[in-house]
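These notes are about the structure you will find just below.
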Amino acid sequence: MVYLLCFFLVADVSYGINKDCLLPKVVGFCRARFPRYYYNSSSRRCEKFNYGGCGGNANNFSSYYECHIKCFGPRAIIFPEDSPKEN
């Protein structure tokens, strides 16, 4: 029974993620430093990075909020204490 519960929990977490969010972080080949966010599938969190401005992929969001909505869906958002403040 415990095995089945674990299976369903893992299946639910991985099934609900948007496929774009599973792409790796790509900084790009240009030299700008635009603050952006990506979904880190290892930590299962949206994290900040500096985007170069060209190249890249769909796992690249202009805000923590946008990343969270795209990768977790329209659920309640809990901002971690160390999350960057949006201005």
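Using N, Cα and C of the backbone, Cβ positions are placed for all residues, glycine too.
The signal peptide annotation in Swiss-Prot covers 1-16. The domain 'BPTI/Kunitz inhibitor' annotation in Swiss-Prot covers 21-71. The disulfide bond annotation in Swiss-Prot covers C21-C71, C30-C54, C46-C67.
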Closest of C30, C46, C54 to C71 (disulfide bond), Cα positions, disulfide-bonded residues only: C46
C21 (disulfide bond) - helix vs strand vs coil (DSSP): helix
Lowest local Cβ density among C21, C30, C46, C54, C71, which the record lists as disulfide-bonded residues, within 10 Å: C54
Protein Cβ atoms within 10 Å of C67 (disulfide bond), excluding its own: 23
Cα-Cα distance linking C67 (disulfide bond) and C21 (disulfide bond), given in Å to the nearest integer: 8
Pairwise Cα distance for C67 (disulfide bond)/C30 (disulfide bond) [Å, integer]: 22
